Every structure is written in structure tokens, then in C-alpha cells.
Amino acid sequence: MGELFRSEPMQLVQLFMSLEAARDTVDELGEIGLIQFKDLNPEVNAIQRNFVAEVKRCDEMERKLRFFEDQIEKQNFAEEELEHLQLGLSIGSSKKTLVPEMDELEARFEDLEKELTQMNSNQEKLKRNYNELIELKHVLEKDSVFFESSGGAERDRYDEEADVGSSEVAGLTSFGVKLGFVTGVVERSKMVTFERVLWRATRGNLFMRTAPIEERIEDPKTNELVDKLVFIIFFQGDRAESKVKKICESFGANLYPCPDSAQERREMFNQVETRLDDLDVVLERSLDHRKKVLLDIATHIEDWKTQVVKEKSIYHNMNLFNYDVGRKCLIAEGWCPLTATEDIQDALKRANERSGTLVPSIVNVVKTREQPPTHFKTNKFTKSFQGIVDAYGMARYREVNPGVFTIVTFPFLFGMMFGDVGHGIMLFIFAVYLCIKEDTFSKMKLNEMVKTCFDGRYLLLLMALGAIYCGALYNEVFSVPLDIFGSRWQYFEGEQFAEWTNPGIAYPFGVDPAWKGAKNELLYYNSIKMKLSIIFGVTHMVFGILLSALNGIYFKKPYNIWFEFVPQLCFMMSIFGYMVFLIFFKWSYEFSAPQDAPNLLNLMISMFLKPFKLQPIDDLFPGQLYLQWVLIAVCAISVPMMLLPKPLLLRRDHKRGYKRLAESHEEDGDEEEEEFDFNEIFIHQIIHTIEFVLGAISNTASYLRLWALSLAHSELATVFWERVLVLTLEKNNFFLIFVGFAIWAGATFGVLLVMESLSAFLHALRLHWVEFQNKFYMGDGYKFQPFSYQQILSGEEEGGL
């Protein structure tokens, strides 16, 4: 855990590389992922940088790749084809394939895009022609029935409505009236409105008949399967014809020609069927060719995406470099771990060999006062715990990392609030399942909730162990105590109080089961859990203060040690350390009756309100009053020690340093000095002191949530057990027992395992972020984000490209 205690030592390096080797150099550095480049052109607009053309080129290639992916998705490959494709991709990824040059790849993308666009256009035209021929076929078929039935032939092939209409048409033509007509296809859902508009537009001077198409056909314009019907409209005059055609067009109806004679209709019908057969063959061949092209693209698209993303990231980082016109080289600066110098030099050598340049790239270490980024080496176990700390704020460079201690303290504090052996075991089973199946889940695309649980599987595992351990201390298994070692209390009939069977010998581990169900059960559990919360809370905060001393020693800030750490520790121990001592003293002292035991809360209040008087019941040991005087004095002295010395000493040091600088460097009078604002420093110290003094009280009270949530969890579990499951078991009815168990199991899972665990998790998070970390943790650093292909391709790099 030493590598987590403080962040890795970092250094600022400067790279000089020739233009010929620059691209290969950045590529090699991206492979090792050990350097975070600085932007040396912050004042230059993004569109005015040196390699913006190359970045735009990669953007265009990414657009084409998205187009290819969209076409592959629309193709809807069969399951067998997809399995074969996945197998080919897995085999291909395991082999070292020859990567084409970007110029070659760009040309191939251009050709493939043109080919696919042309195929889509041709296929769209063919499909439209095919759909139009299908509709024309139905129009000819229905119109033939209509016209033939008007002459008395094949009347049975048309419905009654068409028969009546045919006789009317025959009557009209018998008077020698010349009628025009149009035929077409319209959606069935538009028919009522369509007919009404036609009737009003022509003032009823038309005759219209329809026949439904039994099968759903594809609309040639929308390519959607819709219910349609064939219509024929008879009218008189060119003006009526113009109105009818415009209305048909506005309703999206497709009009088709229909010859007058039956012979011509039959010939056209045969021609349509022949053309449909030919189009079937052409469409099938076109689809097969398109599928082959898309399969070939799908086989290589992942490699192409990787190559384009890498190329784009290379030029994105090269835009951060300076171009030295005189030396014709690129200058880069970046942060890297202190141990990575040799790896970076090896990468530069490989890049020079690849590019064939004769000018070697140079690495120089630059001394700077700029704060380096923070980098912790984590693994799959420590990553989730470090994530808890990073979510609050990234550690300042080389300060003590609370993530190390969170591995122990977070599960334990969670367990104090969620303490139950049964619930802990259920959570443990879930966490173990996630750990066992981590290889399977890591390859799957999970939704946000499942991914959160999977990423924190080891955190859940330790939280479950903490709940089991604290549940064993509380002696609760689904709120039921277990008498494993034999109770040390015994109830006798007729007696008001239980008797201690073995005086002086306590229950070996945890709470004696005799307390469960006793009249004073709640008082006992409240007392012990409240005191445990104070003990662990004060211990947690004091430990945080001790860690602040380690920061002061490491950063060589003696004022922080003597005038922050020492008075803070004295203040905390003189009040709350004394309270913890009294809790242990009271536990170790045997009182003859409950009323003889002192109330520690009243004792602590009287210690400050009545410092010169000690109540007889509060007198626990000789010299207690004098000890309390000393503690009050220490507490009173600690506050001004936190407030005054540090800013005054800093001002003195600043004046001395400025005087020495002026005496030794009078000729450099225009040199910039670090700004020192005493008022700002003093105000900051006042705020810091007030926050600590008031926070010491509020933070200690905040740890009482350990008691409150533990009590709420225990009481809820007891209610679900006694009022649901036990009551139904007493009925001796199988159906009621089944229903009762289902309700108890559902309530246990939904309320206790989900809601209560989430609540305990959030409260434990608060105790670490606020009560613990504010004693020593600055959290104002920034994360080390090296240029790494692995992070870019996995989507872990923040900010994107």
C-alpha cells in the first residue's frame, strides 16, 4: 500500500523532436501511456493550430465510419452471419494484422462510401420501381374486373358495390356521354377524407368506386407496409380532371395508367409480371452484392476505428506542441512519473528507427515550481476505494492519501450502521458472485446501475464483511440473537430482574442474547451504540489530525505542525478524548445501582459551566476536578495558538526574506516577487480556526448517525420479523405462511438490503468526506491523465478529443 500512501513522484520533461519523427514519436508515447502533454499554445485558437487539417481529416474519416456502421445496422444480418462475423473478428484481433497507411485508408473509405451511396441510390430506385409495379399490377387486376363486369362478364369477381357502380357507368355511356377516368392507389386510412374532398371539389360531378387490396404492400415513397386500396374515378371535362389529379397528389395517392380495352390491359398485365420477375432477380443480386460489401467492412471496421482514433489523438496532442521555425523541430512539455524516464527514452529511440531520421529526439528534465498532477497506481481491488476519495476531490501532489485508510474504515463504519449477520451474508453472496463472474461481466455492456455495482464489487465485499462482523458484535441475525456461548443471565419465575449466573465473567463475544426482549433492551442498545459511535468517531477524527502532522513533516512546514497540529490535537483530546476516557472508565467501574452511575453528558456540560464544583455523583476518581481544570486551560490556550502565531510568523518571515533579497539583489529591482497578503492569510486563519472549533463539536455529533442508523436498521428488521413472519408462522396455515414469508422476503430485500444499504453507504461517505478528510486533506490537486491509447480506446480518458 506504500504506492497509495502518497502519489507517485512526477517530473516535467521537455522533448525536442524533428518534424519527420514527430508523428512516430507521439505514437510510441501513446503506446506506453506515461506522459501528459502540456498545452504550449494556450493563446492560439483551436482552428489556427499547426495540425488542424490532419484532425479535420480524421473527423471526416470518423464520419464515414459512422456511415458504415449505420449501413451495417440497417442490413440486419442473420444470427449465423453475426456469429461467423464475431468469430472472424476475435481471430483477427488475436493476430498482428498489417495496418494500412492513412492515405490508403482514406482512399478506401472514399471508394466504399461512393459505392455504398451508389448502391443505396440504385436500390432505392429499383425498390421504388418494384413497388410501383406491384401497385400497377393490383390496379390492372381490379380495373379489369370493374370494366368487364360493366359489360355483364365475370360479375362474381367483384363486390356488390362495384356491380351497382358498373351498371351506373353502363347507363351513362349508353347516352353517348364521353367520360374520362383516373386510377390509382391510396392509403386506406385516408379514404374517407379523400372521397369527401373530391366530392366537394367537383360538386358531386364524379363517379368513384374502390376495391381493397388484401395484402399489405410497401409504399414506394415511405417504404412502409401499409393497407391500401385501388380507386377509379370517372369525371367529365378537362377542368374536373385537373382538380382530381391535384387532389390525388395532395393525398399522396399514386396514379397509374389503365388502357381502355381489355386486350391492352391483359398485355400490360403480362408485361408488368415479366418486369417484376426481372426486377426480383436484379434486386436479389444487388442485395447480395451489398451484403458482401458490408460484411467485408464489418470484418475490418473495428481495426479501422482504432487506427483513426489513434491518428486523431496523435495530431490532437501535436497541436499542443511548439514549432521552432529556426531549428525546424517540435518542442513538447509534459508530466511523467519519475520512474518513467527510461521508458520514454526507449520510446523515442524506437520512433527514430521507425521514421529513419538521422536527428535523434532529446529528453530534458525541467525544474519548475508548478504543481504536478496527482497519480496513484491502483488495481481492480483498490480502484473503487480510491474512487470514493477522488469523487470528493483529487489529492494535492504528494499529500497523504486517505484512500489507503478508506479500505478499512469505510466498510467498518458501514457495518456499524448496517450490522446484521443475515443481511451481511446476503450482501456478501451478491458481492462474491460479482467477483467470480468479473471476467464475464467485464466483456459485457452493462447498464449504469449494474456497472456501478460491478465496478464496486470489492467495496461491496468488504462492506458485507463489515456488516457481518458488526452484526456478530450486536448478536443479530435477521434481528434474532444467537445463544452460541450460553447467556450469562438467567430469568427466574417471579423475579423482576435477571440474575448474573457467572459474576465477573462476561459473554465471550458481542452482546449477550439475554438483552434481546428484555424490558430495558432499547435503553441498553441505545447506550452501547451511542457510546461506540462517540468512541470510533473521536478515534477517526484524531487519526485525521495525526495525518495532518505527516503532511506538515513531509512538506517541511513547521508552523503547520506547531501551530495547527499540536493545538488541534490538544483541543480535541482535552474535550472529546476526555469524554472517551470517561466512557471506558464508567464501563470498567461497577456501580451498586443504576441511579449511582453518573450521566456523562451532564458531567461534560458541568465541566465548562461549573468548572469549580463537582457533583458527588460525578466524582469518579481522585484529582478529577484538578484534571478538568488543566483540560479546560489547555482547551482555552489551544484556540489562540491556532489563530495568531502562524500568520504573524509568516509575515515576519516574509519581511526578513524581502529585506535579504533587497540587500543582495538591488540591481534586480524589477524582478517579480511572490505576492504576500497578510490580511488574506489572517482572515483565512480565522476561518480555519472557527471551522475547527465549531466543527469539533458538530463533527462529533455527526458520528451519532452510526447509532441512529444502526438502531433504525435493527428496529425495522425486528418489525418485519415479528409482525410479519412470526405472526403468520403462529397461524399454522400453509397459505398464510407462504404469503407472510413472501412479504418478509420482499421487505427485507427492498427496504433493508437496498434502501438501508444505500442510506448507510451515503452516510459512511459523508463521514469520510467531511468529518475525517477535513482534518488533513486539501483535495485541490488535478489528476494525471497521460496520453494513452489504452485509456482513449476504453473511453476512460476525460475530456475526449
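Each position is counted from 1, following the chain as shown.
Here the Cβ of each residue, glycine as well, is placed from N, Cα and C on the backbone.
TrEMBL entries are annotated by machine, without manual review.
Taken from TrEMBL, the feature coiled coil covers 58-143.
Positions annotated as transmembrane segment by TrEMBL: 412-436 (among others).
Annotation source TrEMBL lists transmembrane segment at 457-474 (among others).
Feature annotation from TrEMBL assigns transmembrane segment to 532-553 (among others). Beyond the ends of the transmembrane segment (532-553), by six or more residues, the same chain brings 399-400, 402, 405, 409, 412-413, 416, 560-561, 564-565, 568-569, 572-573, 576-577, 579-580, 583, 696, 699-700, 702-707, 767, 771-777 to within a C-beta distance below 8 angstroms of the stretch.
Residues annotated as transmembrane segment in TrEMBL: 565-585 (among others). For the transmembrane segment (565-585), the list of distant contacts is 531, 534-535, 538-539, 541-542, 545-546, 548-549, 552, 600, 603-604, 620-621, 628, 631-632, 634-635, 637-639, 641-642, 692-693, 696, 700, 775: same-chain residues at least six beyond its ends, Cβ to Cβ under 8 Å.
Same-chain residues lying 6+ beyond the ends of the transmembrane segment (626-650) with a Cβ under 8 Å from its Cβ atoms: 559-560, 562-564, 566-568, 570-571, 574-575, 578, 607-608, 611, 614, 676, 678, 681-682, 685-686, 688-689, 692-693. According to TrEMBL, the feature transmembrane segment maps to 626-650 (among others).
Residues or ranges marked as transmembrane segment in TrEMBL: 733-755 (among others).
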Near the transmembrane segment (733-755) in space but 6 or more residues beyond its ends, with Cβ under 8 Å, are 420, 423, 426-427, 478, 713, 716-717, 720-721, 724-725, 727
Lying 6 or more residues past either end of the transmembrane segment (412-436) yet within Cβ distance under 8 Å of it, the residues of that chain are 453-454, 457-458, 460-461, 463-474, 476-479, 532-533, 536, 540, 705-706, 709-710, 713-714, 717, 748, 752-753, 756-757, 759-761, 763-764, 767-768
